[in-house]
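Asker: Pulled the feature table from TrEMBL, pasting it below:
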- 162-458: domain 'Peptidase S8/S53' (DOMAIN)
- ASP171: active site, charge relay system (ACT_SITE)
- HIS233: active site, charge relay system (ACT_SITE)
- SER413: active site, charge relay system (ACT_SITE)
Amino acid sequence: MRQTSRLLAGLALALAAVAPGATFAGGADAARATDDDGTDRLIIRYRPGVPGAARSAPAAERTRLHRGAEAAAARFGRRLQWVRVGAFDTHVMRLDGRVGRDEAVRLSNEIARSDSSVEYAEPDRILHALATPNDTQYGQQWHYFEARGGLNLPSAWDKSTGAGVVVAVIDTGYRPHADLAANVLPGYDFIKDSGNANDGNARDSNAQDPGDYATAGACGFLSPIRDTTSSWHGTHVAGTIAAVSNNGTGVAGVAYRAKVLPVRVLGRCGGYTSDIADGIVWAAGGSVSGVPANPTPARVINLSLGGSGGCDTTSQNAVNLARSRGTVVVVAAGNSNADASGFSPASCNGVIAVAATNRNGGRASYSNYGAKVSVAAPGGDTSSGAANGILSTLNSGTRGPGSDSYAYYQGTSMASPHVAGVVALMLSRNPALTPDEVASRLKSSARAFPATCSGCGSGLVDANAAVDAAGGSTPPAGTPDVEPNNTVATAQSAREGDTIAGTLSATSDVDVFAVPIKAGSTLGAKLTPNAAANFDVAILSASGTTLASSSNTGLGVLDATSYKNTGTVTTTYYVRVKYTGGSAGAYQLVID
């Protein structure tokens, strides 16, 4: 969805955010020329063991394998061309032109019916974006703190801020916004089609958003009927989850000490299901052919996107893999004022599907509903004024990137990241929770709706109650680290018995603490990083020489070291905390 456009209908599903003044799917000025969920690709999975089906199969075997599908397509007057092997050894095939939804389904069914080597075939559908800190605009984030329609977030922050949790935002990519960049990890761009990517290339390690603007006619028969501007949708979603807080500017994120893993899957014409499935698999730490391993797997995935039609097999398989790796998948229910069972991936089994509420806590007029919805969260409603929307990070550019900005959006796209952020708070408090346990405790702790919200799931998410329901324990209070303290010369003063509640804000950050130790006494240092990090601890002399250190491998693993002052006078030693793997973030350092 674009800042100045109306929601996309049909193919665009309207799971996108809506800027002030926009209307919803089916409006007379719909940005797309048609509401038919067409595509120019199919996904075919062949039965295991069939020659040519495996990713490593020789090209000649693959060519022979595709003859059955090509013959079926020919009976429809179509030609098929192999594109690549995707997640779960699915074969992505390109048609010689876009076809409507019904024809794509009939062709897929014919391929599966006529070729016994095919396990399933389905359209490669194109999905679209569904659209008390000292932060200066926090007071405008009513969706966090207002008693009637807010998230009850401030009380939760006394117990958890999301430290140690990685949240993947599978969306349009991100902009390095000053109020967000410190919490963004290196991600990946999964858009295979360079024309759709809008950045001049295909898949690569640059997940930044170049803009998803589109000119009239750019996307075939699903093109906008007029030029549209860039939405910066992924940046808005990411800001709701983990915008930096207590930095004296802008807004706050729900889990402002969590880390965002940007996974770019949506370009100017939306995103193919096959690319989105690969993004889900990679985000959860699974293997995707031709893509480097993800060094920081996500515990939470946010999908503020979708398309009409029930959950397809490829999406369900991707969700299943993510859940098997302990990843919670949170999905926008959709903005079509319809039953969510008719939309994907909101209707996939095992996801947390989120409906949107307005400022009064009732169902937003656009929000999908029904038995597939798990819970609801603030999504805003700007029809009565922009300030009733959801405020988050954005970019001022209408086509390519401009300067940092903030904007109000509305949509289940905005409700979903509220819930993803709350899940991060829960997992930071209790990392042992499984996806099913998270869903159960999130729903059981939700509060009653203060206004009518039929079909909105178990209730309005209550962040404070959800964190309490997560169990675990509140990290012990400690002295915060104070920057700059990156060197011996700028070391922060500490003493025996101190507990430091510190943070490495980036992988290049180092924290150093100066500790005076009496003659004959031993300095001990015990370092516990967050669950997604590997930090090492060392004791240094005044000249920076390492006297003792501990460098255990593994994420969240305790490091402990000690050094005895064998001299005859009190001497100051320096305890250094340094990043070595995983993600940056919080740690606890005990000096004894």
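Cβ coordinates are placed from backbone N, Cα and C, and glycine is handled just like the others.
Buried or exposed, and what's around them? Tell me for each listed feature.
Answerer: Under 8 Å, Cβ to Cβ, and six or more positions away along its own chain, ASP171 (active site, charge relay system) finds ALA129, HIS233, GLY234, VAL237, ALA238, PRO262, VAL263, ARG264, VAL265, LEU266, ASN302, SER304, LEU305.
Reduced to three states, the DSSP call for HIS233 (active site, charge relay system) is helix.
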Asker: Among the active-site residues listed here (HIS233, SER413), identify the one with the smallest other-Cβ count within 10 Å.
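Answerer: If we count Cβ atoms within 10 Å for the active-site residues HIS233, SER413, the smallest count is at HIS233.
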